[in-house]
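According to Swiss-Prot, the protein has these features:
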TRANSMEM  3-23  transmembrane segment
TRANSMEM  32-52  transmembrane segment
TRANSMEM  59-79  transmembrane segment
BINDING   G71, T74  Na(+) binding site
TRANSMEM  90-110  transmembrane segment
Amino acid sequence: MYFLYVGIFGALGGMCRYAMNLWLGGGDFPSATLAVNLIGCFLLAFIMPFLAEKSRISLVLLNGIGTGFIGAFTTFSAFSVDTIELLQQGEVVLAISYILVSLIGGLVMVKFGRRFSNKLLRRGAHHVD
């Protein structure tokens, strides 16, 4: 059942990432990849602990959401390819900026996601069905 959930949520996550590429794609800067990775960092840090604590969702389904949807939505490989392409185009400053914004931004988004999740958990949020 785990693989089914990962597959279903993975398809949904991949489609959402594709939609973000259509919406934000184009230009010299890989803004769509940056956006999905930062959003994914926040979602993983916020949703997973919150749902694990406050919902009746099974662990298998919860892992399907995290591994499937968020795993397919985010993309380390596109980040790596985008960075190499920027370097090959001679955009060294842009490539370094992209790396720094991705890494530092990802850590900041995880911090915000956890903080927001913890805040809701402390408030005694009701069950999510």
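Sequential numbering from 1, following the chain as shown.
Quick reminder: no glycine exception, Cβ is built from N, Cα and C everywhere.
Worth saying up front: this structure is predicted, and the values here are computed from it rather than measured.
Counting only same-chain residues 6+ beyond the ends of the transmembrane segment (3-23), those with a CB under 8 A from a CB of the stretch are 32-33, 35-36, 60-61, 63-65, 67-75. Proximity of distant same-chain residues to the transmembrane segment (90-110), defined by a Cβ-Cβ separation under 8 Å and at least 6 residues beyond the stretch ends, is recorded for 28-30, 34, 37-39, 41-42, 44-45, 79, 82-83.
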